[in-house]
Amino acid sequence: MLQNKGLTVIDVYQAWCGPCKAMQTLFRKLKTELNEDEILHFVVAEANSIATLQPFRDNCEPIFLFSVNGKIVTKIEGANAPLVNQKIINLINEERKIAAGEMVRPQYHEITFVDSDTEDAGEAFNENVDQLYSIAIIKPEAVITGKTIKIKEKIISAGFVIQAEDKRVLTENQVRDFYSQIADEPDFEDFVTLMTTGISYILVVSQDNKQEPPCEETVSNPENKEPKETSEDQHEMATPTVMRKKWDSLQEYLERQNISQFCDVEENTTNVNKFIDIFFPDFKSISKLEKTLALLRPDLFQEKKEDVFNIIQDEGFKILMQREIVLSEEEAKTLCKEYENEDYFGNLIENMTSGPSLALVLLRENGLQHWKELIGPSTVEEAKERLLESLCIQFATKSFPINQLYGSDSLEAAEMEIQYFFPPQNTLALIKPHATHEQREEIFSIIKEAGFDITQMKEILLTKEQADKIYFKITNKDFYKDVLEILSEGPSVVMILTKWNAVSEWRRLMGPTDPEEAKLLSPDSIRAKFGITVLKNCVHGSSNIQEAMETINRIFEEFVPENSEEH
């Protein structure tokens with residue numbers, strides 16, 4: 001049955017109780033609704049009569065295994081109908097997209113069965129299953145005081161891998177669900193309020209299977225045994241034995257690092273799967289998207305920019321940011337360091353500083369490696385020997401025998417180069433009270449799609465004192481009382497948006513002040529879509545960098561920029 005095409009759901013049951021009757025109605029319903037292309041199958045398996053299911057014997061609740069094309073990729077414990085239903089729908093939708101060529105097959109963490117004859121069979125199986133993922137939530141308190149990067153760095157340095165992350169203001173229902181185990185505590189309502197008034201980071205974390213857990217040395221000298229006499233040529237001290245420690249759980253590690261008060265962890269497999277479906281519904285199909293820096297040298301930029309852009313688009317890259325830049329001599333020497341021993345190095349530096357180059361930030365699945373393979377080697381001579389179809393050959397010039405395109409060498413280098421050529425800037429943004437919840441969510445999506453990072457956010461009812469901190473330039477205007485009246489109608493969402501050239505990019509995204517004018521001049525802008533009048537134009541933003549800095553300091557007094565040291 002495991003060799004069936006598509007998804008096979010396996011109900012693992014105990015001989016004394018039989019298959020799970022409570023789920024049979026759901027399974028019949030799903031088979032009727034979803035199985036028109038015969039890619040959904042249901043089977044039962046008795047744990048007592050199948051040797052490899054030994055770890056599940058004597059389990060008091062049903063177990064459901066999910067097999068995709070012969071690989072058992074996940075399990076759910078208990079008759080949790082909503083969770084099983086959603087898991088089946090998600091996996092079937094993936095299979096259909098894969099069959100239609102709309103996505104590549106995800107790299108699942110396959111659940112492998114252990115030899116049932118081994119002493120630790122059950123323990124080994126459970127380790128394999130439960131190791132998959134944990135959910136961690138970095139609390140608003142840590143985010144607003146700039147501790148997020150430090151916490152993530154500690155998690156990574158301990159051998160964990162952050163598989164996915166997102167920033168959001170949690171809803172009340174999400175907080176109550178995640179923290180249900182402390183719902184009876186007397187200050188729980190205050191805690192819910194605290195957790196829903198600022199940004200939290202949600203992380204999906206796994207252990208790095210490629211990295212060994214830390215070792216510790218122990219001296220072999222079993223208790224209750226007399227030490228043997230040693231001969232003259234033997235060492236008097238016992239030889240240390242290197243013991244391989246088990247991995248700490250993420251929770252245990254955070255507690256030992258004294259940072260567990262800033263980050264809460266869920267490690268129960270069933271709950272983790274549920275929260276992954278809530279916070280990251282497309283998690284299993286998320287591609288490994290990577291950013292890389294690309295550079296078009298001056299000659300290529302001036303002569304064949306559009307040809308390069310067409311190739312970038314055809315290869316599936318998204319251009320997140322672009323910037324014309326005239327390199328300084330020092331910058332040119334850094335970028336061209338690999339050619340410094342060549343006779344033409346001096347002329348090359350002169351050429352690189354003679355006019356604008358074009359810097360791009362590209363995004364794609366496995367983007368860094370794909371761009372490097374696409375552009376080819378650093379010299380035309382090497383490209384002729386190995387990669388005649390590379391862009392190095394296609395865009396070679398007579399002036400210099402080098403690749404006219406540049407790409408970052410590693411993800412670490414890409415991050416540093418992007419920070420250098422596109423230094424992040426903060427601006428203040430405001431969503432006004434009259435925006436509906438649905439409109440807010442759509443605005444958040446527009447912000448993220450435009451490449452902004454929501455560095456900080458809080459929902460507050462703006463009093464006159466707080467409004468003065470944002471609108472300090474117009475407090476003496478006659479119409480300011482009308483602005484205050486609009487802001488008093490309900491809570492506003494105040495955000496710090498971070499991106500290269502953030503102030504002007506946010507103003508462009510907002511559109512003209514008057515929504516009617518915005519509909520004519522900038523129909524895709526936020527004010528054109530959601531604005532009603534000049535006063536109820538949905539969003540507000542700082543006019544310039546100085547104003548942005550002053551307003552952020554006034555509204556987010558406790559805010560510590562996470563890249564403040566570098567800046």
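Every residue gets a Cβ built from N, Cα and C, even glycine.
Summarising the annotation, TrEMBL assigns active site, pros-phosphohistidine intermediate to HIS540. Annotation source TrEMBL lists ATP binding site at LYS432, PHE479, ARG507, THR513, ARG527, ASN537. What TrEMBL records for 223-236 is compositional bias 'Basic and acidic residues'. The domain 'Nucleoside diphosphate kinase-like' annotation in TrEMBL covers 289-426, 427-563. The annotation region 'Disordered' is assigned in TrEMBL to 212-238.
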Residues in the domain 'Nucleoside diphosphate kinase-like' (289-426) grouped by DSSP into helix, strand and remaining coil:
66 helix, 33 strand, 39 coil
Secondary structure of the domain 'Nucleoside diphosphate kinase-like' (427-563) by DSSP, residue by residue, totals 60 helix, 25 strand, 52 coil
Model confidence over the domain 'Nucleoside diphosphate kinase-like' (427-563), averaged pLDDT:
90
For the ATP site made of LYS432, PHE479, ARG507, THR513, ARG527, ASN537, how many Å separate the two farthest Cα atoms?
21
What's the CA-CA gap between ARG507 (ATP binding site) and HIS540 (active site, pros-phosphohistidine intermediate) in angstrom, rounded?
8
Counting only residues 6+ apart in the same chain, whose Cβ is under 8 Å from the Cβ of LYS432 (ATP binding site)?
ILE486, LEU487, SER492, LYS536, ASN537, CYS538, VAL539, HIS540
Just name the most isolated of the binding-site residues ARG507, ARG527, going by other Cβ atoms within 10 Å of its Cβ.
ARG507
Tell me the Cβ contacts of PHE479 (ATP binding site) under 8 Å, same chain only and six or more apart in sequence, or just say none.
LEU535
Tertiary neighbours of THR513 (ATP binding site) (same chain, Cβ under 8 Å, six or more apart)
ARG527, VAL534, ASN537
When a 10 Å sphere is centred on the Cβ of ASN537 (ATP binding site), how many other Cβ atoms does it contain?
23
Across every protein chain in view, the count of C-beta atoms other than its own within 10 A of the C-beta of HIS540 (active site, pros-phosphohistidine intermediate) is 19
